[in-house]
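Here is the structure we will look at, set down as structure tokens.
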Amino acid sequence: MFNLFKKKKEEVKAPQFLPLKVREVVKETEDTVTLYFEQPEPFLDYKPGQFLTLVMEFEGKEQRRSYSLCTSPYVDPFPGISVKRVPNGKFSNFLNERVFPGKTINVLKPLGNFTTDFHSKNKKHFFLVAAGSGITPIMGILKSVLVNEPNSKISLLYCSRNEKQIIFKKELDSLVEKNADRLEVIHNLSQPGAAWSGLCGRLSKETIFEFVQKAESEPEFEKEYFACGPEGIMDNVEEVLEGLGVAREKIHRESFYSAAADKAHEDAAHGITGGLLTRDVTVILEGEESIVTVSPDKTILEAGLSQDLNMPYSCQSGLCTACRGKLLSGKVKMDEDAGLSPNEIEAGYVLCCVGHPLTDDVKITIE
Ligand SMILES: Cc1cc2nc3c(=O)[nH]c(=O)nc-3n(C[C@H](O)[C@H](O)[C@H](O)COP(=O)(O)OP(=O)(O)OC[C@H]3O[C@@H](n4cnc5c(N)ncnc54)[C@H](O)[C@@H]3O)c2cc1C
Ligand code: FES
């Protein structure tokens with residue numbers, strides 16, 4: 001459809017790519033590297049637990065992926081991300097194999113709500129659950145608590161496949177040694193070696209319950225909970241905490257991968273579109289209205305980008321909220337909504353990267 005109001009890319013403020021120069025590459029395990037970047041000018045402004053969006057070109061097309069900062073702005077002189085290989089993954093294998101000090105990578109400014117406010121007066125017990133590469137944002141949070149909150153303590157339950165796959169093992173051991181009264185790290189290995197005497201196997205709800213129930217006997221500590229790892233583990237953590245009556249706002253979770261969004265992309269590529277119809281959607285971006293025609297095999301974001309609208313995005317999986325908009329009218333179906341809190345969903349927020357219009361009057365404003 002011809003669109004008089006369409007806001008072309010060149011008319012819109014281009015996204016602010018920030019070029020970051022790789023300073024150091026550290027091999028953490030056989031399939032994970034940490035990339036430390038030189039500080040840009042001014043210094044990178046981020047909160048512990050937030051992520052960077054890396055922008056690179058593959059197969060002639062600009063692509064983006066989100067990577068959590070594993071560093072703390074209060075402790076580490078240089079910002080860093082840790083990247084674990086995914087079989088056949090474009091970014092994760094490239095970053096593991098082909099990045100060396102001196103290389104410049106474009107990023108978008110840090111984003112994300114997997115964080116909290118740190119204050120020297122806080123007296124909290126932080127319960128952190130991480131699995132695999134899910135340790136990255138947890139590491140930034142953990143280090144920030146240790147340095148900013150002398151009266152707070154931390155318990156970390158960290159799941160890895162085996163001894164060799166434990167990312168940041170040395171750094172964690174050293175932090176425990178220096179903060180023995182405030183930091184406890186419990187490892188759970190799914191496939192440990194014969195000599196392993198710690199927790200092992202699939203992380204059960206019973207183990208999670210035993211881990212968090214220590215909080216019951218500590219009324220003097222405020223509690224806060226962070227979980228980052230596969231959806232199954234985080235669902236179990238949330239279920240156990242809800243069973244214990246923990247308030248929703250005290251539980252933070254971050255997902256790196258959505259099987260539901262992945263399946264929806266696959267289905268769309270194979271023409272399976274679940275009865276969706278082509279509809280026009282009104283998108284308000286930086287105050288200007290555009291009409292975006294969304295076909296059944298596209299998300300609102302994909303349709304907007306293909307019409308040269310400069311819509312914000314990062315993960316394209318419904319997890320990071322970079323593409324969040326507020327629904328002013330109509331109905332939208334989301335393939336995934338893990339990135340949104342129940343309050344945001346109730347308030348009418350939608351994620352354009354996984355959103356499809358269900359009615360003809362969909363109007364979304366992107367702030
Ligand atoms: C907020 C956020 C923070 C993140 N932080 C980190 C981080 O700190 N460290 C890190 O290593 N990753 C992190 N990720 C994941 C990262 O963004 C990429 O998704 C991941 O590196 C795979 O990208 P790729 O280009 O290598 O794979 P792709 O080329 O995108 O995918 C290749 C294939 O693998 C599948 N796939 C992708 N990821 C997974 C998975 N996890 N499990 C199973 N199948 C998968 C894809 O569907 C596809 O079929 C984060 C994601 C989000 C949303
Ligand atoms: S781009 Fe991450 S939720 Fe849409």
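Each Cβ is built from the backbone N, Cα and C atoms, and glycine gets one as well.
Because TrEMBL annotations are produced automatically, they should be read as predictions rather than curated entries.
What you are looking at is a predicted structure, and each value in this text was computed from that prediction instead of being measured.
Listed in TrEMBL for this protein:
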DOMAIN    15-117  domain 'FAD-binding FR-type'
DOMAIN    279-367  domain '2Fe-2S ferredoxin-type'
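Looking just at the domain '2Fe-2S ferredoxin-type' (279-367), the mean pLDDT is 96. Helix first, then strand, then coil: DSSP counts for the domain '2Fe-2S ferredoxin-type' (279-367) stand at 15 helix, 33 strand, 41 coil. Applying DSSP to the domain 'FAD-binding FR-type' (15-117) sorts its residues as follows: 8 helix, 48 strand, 47 coil.
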